[in-house]
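Trainee: Pulled from TrEMBL, these are the listed features:
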- ASP367: active site, 4-aspartylphosphate intermediate (ACT_SITE)
- ASP367, THR369, ASP785, ASP789: Mg(2+) binding site (BINDING)
- ASP367, LYS368, THR369, GLU458, PHE499, LYS522, ARG555, THR635, GLY636, ASP637, ARG759, LYS765, ASN788, ASP789: ATP binding site (BINDING)
- 4-58: domain 'P-type ATPase N-terminal' (DOMAIN)
- 87-150: domain 'P-type ATPase A' (DOMAIN)
- 811-1065: domain 'P-type ATPase C-terminal' (DOMAIN)
- 52-74: transmembrane segment (TRANSMEM)
- 252-276: transmembrane segment (TRANSMEM)
- 296-321: transmembrane segment (TRANSMEM)
- 842-863: transmembrane segment (TRANSMEM)
- 875-895: transmembrane segment (TRANSMEM)
- 925-949: transmembrane segment (TRANSMEM)
- 961-980: transmembrane segment (TRANSMEM)
- 987-1006: transmembrane segment (TRANSMEM)
- 1012-1029: transmembrane segment (TRANSMEM)
- 1036-1059: transmembrane segment (TRANSMEM)
Amino acid sequence: MYGHFKGNGIKTYKYNALTFIPLNLFEQFKRAANLYFLALLVLQIIPEITTLPWYTTLVPLVLVLGITAIKDLVDDLARHRMDNEINNRKCEVLLDGRFQVSKWMNIHVGDVVRLKKNDHIPADILLLSSSNPNSLCYVETAELDGETNLKFKMGLKVTDERLQEEGQLAQFDAMIVCEEPNNRLDKFTGTMRWRKERFPLDLDNMMLRGCRIRNTDECHGLVIFAGADTKIMRNGGKTRFKRTKIDELMNYMVYTIFVILVLLCAGLAIGNTFWYEEVGSKAWYLYDGKDQTASYRGFLSFWGYIIVLNTMVPISLYVSVEVIRLGQSKFINWDLQMYYQEKDTPAKARTTTLNEQLGQIEYIFSDKTGTLTQNIMAFKKCTIAGHTFGDPANPVDFTWNKYADRKFEYLDHSLVVCIRSKKDKDTLEFFKLLSLCHTVMVEQKEDELVYQAASPDEGALVTAARNFGFVFLSRTQDTITISEMDQEMTYEVLALLDFNSDRKRMSIILRFPDGRIRLYCKGADTVIYERLSPNSKHKEVTQTALDIFANETLRTLCLCYKDISKQEFDAWAKKHKAASVAMSNREAALDRVYEQIESNLMMIGATAIEDKLQDGVPETIAKLAKADIKIWVLTGDKKGIVSGAARLCGGESLWNLRIRQANRRDQPPAFGRTRKKVPDPFFPEPGRNALIITGGWLNEILYEKKKKRRRLRLKRLGKRPASATPQDAAQPIDDWEKETRQVDFVNMACECEAVICCRVTPKQKANVVSLVKKYKKAVTLSIGDGANDVNMIKTADIGVGISGQEGMQAVMSSDYAFAQFRYLERLLLVHGRWSYIRMCKFLRFFFFKNFAFTLVHFWYSFFNGFSAQVAYEDWFITLYNVMYSSLPVLLVGLLDQDVNDKLSRKFPKLYLPGQQGALFNYKNFFISLFHGIFTSLVIFFIPYGAFLQTMGQNGEAPSDYQSLAVVMASSLIFTVNMQISLETSYWTFVNCFAVLCSIAIYFGIMFDIHSAGIHVIFPSTFTFTGVASNALRQPYLWLTIILTVGITLLPVICIQFLYKTIWPSVGDNVRPAEEKSTPFQRGRRSRRSAYAFSHSRGYADLIASGRSIRRRPATSYRVGLV
C-alpha cells in the first residue's frame, strides 16, 4: 500500500556535498552578467586576443561568485539542519496492535498515530478521537498561518464513540475517499466509508502538518497525506517575484552599456585596421613576425578591446545593490518609531528587494476594517420591531446581571427597562437570537465566562446579549445552552448554516424544548431583504434605521427568523445530508440547499456596532494626500456616510460615465477604434471630487466571465439580454468595448481625490489594483489586515500587512508589516524616500566612476595605434572596483539623506521626485555618461600634455608609460573619492573614514606591488618595479595630479552652485528652514462607514463541547455614487 503514497520524510535543501559546487555555479551563471564575465575570462586565456592578464577578471568574478555561494551555503546548511531535526522527531504509531515510538520519516499514509499535549502534528491527519468530550481537539496554527489564537478540530461522532481504546483503533478498517493532494489550506473534501455508512469529512475534521496540539491531553488520528503531499509542503512553492522600476531600468541601462561597448570596440577595431594599413605595415620596427592581414588584426583588436573596456559593464553592481537593500531593510526593522509597544510588534521588512520602490508610490489601496479602524467592536445601537434604542445618556448599570461583562458599556436605559419588564416579545426574541445564532466557543475561567469568536463583530453581539440577560453558557455538537433572564434553557441544534463571504449571512436551526423548530438568521441587509417574506413587518422602518446607522458610521446587521414544520425540515434534512457527502462541488451543493430553507424570513430588527478609527489615521491620510499619493478604500462594507451626499449630487460621476459610453457606442465602429487622442476630463470644472462604487457596478466594469459566456450564447441566437438593473442596460459586446469601459472607469476614478469601493469581494479588490497597474502604469501599494486582503496584497507592486485582530494571513503574504496604519506615513515619506534617493545617487555615481575609469583606455587608443594596450597597471584595473572606489559610494547608498526624518514628514512634497522618477532615468544615465567622458578626457589629456615636455629633478624626463599610468590612476582615485564627497549630503564619521581609507589603501597597495621585493618573488606578474616611489617624489607630477583633479571637479562645483542658487529643488529650499520648523497641526478626524460581519469563515462545523479554548496570557466633496 505504501508504494502508492509518498513517505513522510521531507527534503527542503537544494544541495549536498557533491552537488553544491556544480549546481550553485550553474545557477549563478544563469545570470547574464556572470556569464558575460565568464566569456571574458575565456577570451583572456587566448594568447592572440588577450590584452589583460586573466586575474584582472578572475579576481572580481571569484569575489562576486564567492560571496553569493557563501550566502547560499549558509542558507542551505540551515535547511539541512531543519530537515534532520524534523525528520527525526518522535511520534507514537500503532504497529502490531500497540502504539510504538517511531520517527516522523517512517510514518506512512494509513497509519494511526497518538498525539499528546504540545506535540507537533507530523502529517495531515484525520482526527478520530480525543480525551476531550465529543473528540474536541485544540490546535495552534502559528507555523501554518501565523495566528497564535487556538483553533478547534473535531472528530466524527461515530469515531468518537467507537475508537477510544487501543484495541478498537487496531481493528479500524474504514475506507477514506478524498481529494487529491493540493495547497488549499482552507479546504478539504472527503468521505469516510465504514460499516456500510458514509460520513462527510471536511477541514474541521483534519489536523494539518505544521500545527501543534494544545489544551488536549491525548488524541488519535489517521494519516491522510504525508511528507511532500501535505498542505503545508504544497504551499512551499515559489511565489511571484516582484521587481522594482529601478531594477527594470537598471537592466535596460546595462544592455545600453553593452551596446555602447560593442560600438566602441567596433570603431576602435576599424581604426586599428586602417592604422595598420597606413602606418603599422610600413614601419619596420613594428614588425612582429606574423603574416596577418589588416582586417584580421582589426578582428583580433575588436576582441582585445572587449576585454580592455569590459569594466564599462559593472560586475559588482548587482552585489552592491543587494548589500544596500539589505541595509535599508535592517533600518526599517530597527526603527523604534514604527514599534508598537502595546503589542510588542516591531515593523518588519519581509523582503529586501523593494525598498526604493517605497519612494515611488502613486496609489494606495486600503482595506477599512482593521486597517483604518481598530477592529475592536462595541455594541452601540439597535432597532427592534421598528423601535430604535441607543440614544446617548448616562451609562447603564448592569449590576443586576451576575453574568455581565464589566467592560461592556451602554448608554440607553430604556432598552434595559424594556427587557426586564418582559412585556415586549420582539425584544426578548431579538436578544435570544443573538445568544443562539453564532459560532462562539465559551470557557469557564475563574468563575468568569470567556468567549472566543471567529470575528470581533460576533463576539461583540454575544457579549451584548450576555449583558442584557441572555447569556450563552455552553454547547455540544447537538445542543446549545443559554440563560434567559436567569432561567437556564437548552436547545437542540439541528443544523448550523455557517457564514462565508459569498453568503454574507449565517443561520441556525433549533428545536425548542416545546418541540417547535425555528430558524434564526443574521446577515447583511442586501442578502436578508432579498429573502424576507412578503408578510414580514417593519421592513421600511428598519431600512430607515439602517441608513441612519450607516450615516453614523456604524456597522449593521439584520436579524430575522422563520418557523419550520417538522415535515418541511425532514425533507430538507435529507437534501442536506446528500449535499454534505458529495465529493465534487460540495460547497456549491450545500449553498443551494441553504438557499431553499433560508426564505420567507420574518424581520426582527438590526444591530449597529461601532468600530473606531485607529490613532493617527486622518493625519496620515492627509499627509499622504499632500505627497500626491491617491488613496482608494476597497471594503466589503456598506456605502454608509457617502450615500446621502451621493444622492444629493445625483450621481454625477456615473452620469458622466454613461454619457461617454453611450456616445462611443453611437459612433461608427471604425471611428472609435482607430482614433487615438487624449480623453476629455470627466470633471471639467475645478474642484475636489470623490467616487463611490459598489461591488455590483464593479462587476459590470470588470465584466465577469460567467456573464460574458451567457451573453455570447444570446448573441449567437441573435438576442440581447434583458436589463434587470440599470447597469445591465448596455453591456460590452466585444473585448474593445470592454477595455474602453475599463479605461473610462480608471480615468474617471483617477480624476477623483477619493475613491471608495463598497461591498467588494477579495477577487474584486485584486482586479481593481490590476486595472490601475495596467492602464496607469503606476506604482501601487496595497495594505490590509485580513485573509480577504491577501489577493490584493499579492497583486500590488508592494504589499503591506497589518498585524491586527483578524490573524496573520495578511502579514504572512506581505512585503512589509507593522501594527498600525499610521506607520505607513513614516515607511513611505521617510524610509521609502531615503531609500529611493540613496539608490538613485548610488547608481548615478556607480555608472559615472566606471565610465571615467574605462574611457581613459579609449583616449589612449589614439596614441598606441589602436592596439588594445591598457592605460593602467594591471593590478590597478583588478582592484579599482573592489578596493579603491567601492566603500564610499556604498556608504552613500546606505546612509545618505538630504533632509532629516522630521522634515521629510513635515514637507510631503519632497516625495514627488520619486513618483516622477526624476532622480534616475535615461536622462540621468546619459548625464553620468557624459560626465564620465569629460572626466576621462581630463584625466588622460592633462597628464599626457604634462608628460610631453618635462624634466625631473635628476635631469631625466619622467615621461615613460609607467609613470603616466601612475599619475592617471592617482588622479582618478582622488577625483572619484572627492566627487562622492561632493555628492554626500549627510556626513558621518563612517563616510569620512571611508573616503580617506580608500585613498590610503590605494597608495599602500600601490607602493607594495611596485616594490622590488614582490617583483623578485613574482617577476612576470609585478612589472612596475619602483615606478610609484620614483614618480610620486617629483613635485611636478603632484602638481599635475592637483591640476587634473581641480579641473575635473571645478565644473561640478559650479553646476551644483548654480542649481542650488538659481534652480533649487524642494529639498534645497527645505534644508535652510530646518531650525524654523513648527509642529504639524493635527487634522480633523474623517468619517467612515461599514457593515458588520467578518470575511472569515466561522466555527459552525467545529461546535462540539461545552469547553472552549483559553485565550493567551471636513472638506466639501462632489461625490459620484455608482
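Even glycines carry a Cβ here, placed using N, Cα and C.
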Trainee: For PHE499 (ATP binding site), what is the tally of other C-beta atoms lying within 10 angstroms of its C-beta?
Mentor: 25
Trainee: Please give me the binding-site residues out of PHE499, GLY636, ARG759, ASN788 that lie within 10 Å of THR369 (Mg(2+) binding site), comparing Cα atoms only.
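Mentor: Those near THR369 (Mg(2+) binding site) - Cα within 10 Å - are GLY636, in sequence order.
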Trainee: With an 8 Å cut-off on Cβ pairs and a sequence gap of 6 or more, do the transmembrane segment (252-276) and the transmembrane segment (1036-1059) reach 3 or more such pairs?
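Mentor: The transmembrane segment (1036-1059) and the transmembrane segment (252-276): touching, no.
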Trainee: Which sequence-distant residues neighbour the transmembrane segment (1036-1059)? Criterion: at least 6 residues beyond either end, Cβ under 8 Å.
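Mentor: For the transmembrane segment (1036-1059), the nonlocal Cβ contacts are 931, 934-935, 938-939, 942-943, 946, 950, 952, 958, 963, 967, 970-971, 974-975, 978-979, 982, 1065, 1068.
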Trainee: Based on Cα coordinates, which of the following recorded positions are within 10 Å of ASP785 (Mg(2+) binding site): ASP367, PHE499, ARG555, GLY636, ARG759?
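Mentor: Within 10 Å Cα-Cα: ASP367.
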Trainee: State the non-local partners of the transmembrane segment (875-895) in its own chain: residues 6+ outside its ends, Cβ under 8 Å from one of its Cβ atoms.
Mentor: 52, 55-56, 59-60, 63, 311, 314-316, 320, 323-324, 327-328, 838-839, 841-842, 845-846, 849-850, 853, 965, 969, 973, 976-977, 980-981, 983-984, 986, 988, 990-991, 994-995, 997-998, 1001-1002, 1005-1006, 1009, 1022
Trainee: Check the transmembrane segment (925-949) against each of 52-74, 842-863, 961-980 and return whichever range has the most CB pairs under 8 Å.
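Mentor: Counting Cβ pairs under 8 Å, the winner is 842-863.
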Trainee: Give the nonlocal contacts of the transmembrane segment (961-980) in its own chain as ranges (CB under 8 Å, at least six residues past its ends).
Mentor: 845, 848-849, 852-853, 856, 871-873, 876, 884-885, 888-889, 892, 935, 939-940, 942-944, 946-947, 995, 998-999, 1002, 1006, 1024, 1027-1028, 1030-1032, 1037, 1040-1041, 1044-1045, 1048-1049, 1052
Trainee: Going by DSSP, how much of the domain 'P-type ATPase A' (87-150) is helix, how much is strand and how much is coil, in residues?
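Mentor: Secondary-structure breakdown of the domain 'P-type ATPase A' (87-150): 11 helix, 31 strand, 22 coil.
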Trainee: Could you tell me how many residues in the domain 'P-type ATPase N-terminal' (4-58) are helical, how many are strand and how many are coil under DSSP?
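Mentor: Going through the domain 'P-type ATPase N-terminal' (4-58) residue by residue, I get 28 helix, 0 strand, 27 coil.
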Trainee: Give the distance between the Cα atoms of ASP789 (Mg(2+) binding site) and ARG759 (ATP binding site), rounded to the nearest whole Å.
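Mentor: Taking the Cα atoms only, ASP789 (Mg(2+) binding site) lies 14 Å from ARG759 (ATP binding site).
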Trainee: Can you tell me how many other Cβ atoms are located within 10 Å of the Cβ belonging to ASP789 (Mg(2+) binding site)?
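Mentor: Counting Cβ neighbours of ASP789 (Mg(2+) binding site) within 10 Å gives 31.
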Trainee: Can you give me the same-chain residues 6 or more apart in sequence from ASP367 (active site, 4-aspartylphosphate intermediate) with a CB-CB distance under 8 Å?
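Mentor: In sequence order, the residues whose Cβ lies under 8 Å from that of ASP367 (active site, 4-aspartylphosphate intermediate) (at least 6 apart) are VAL633, LEU634, THR635, LYS765, ILE783, GLY784, ASP785, GLY786, ASN788, ASP789, MET792.
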Trainee: Within 10 Å of the Cβ of ARG759 (ATP binding site), how many other Cβ atoms can be counted across all chains shown?
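Mentor: Its Cβ has 20 other Cβ atoms within 10 Å.
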Trainee: If you count CB neighbours within 10 Å, which one among the binding-site residues THR369, ASN788 has the smallest count?
Mentor: ASN788
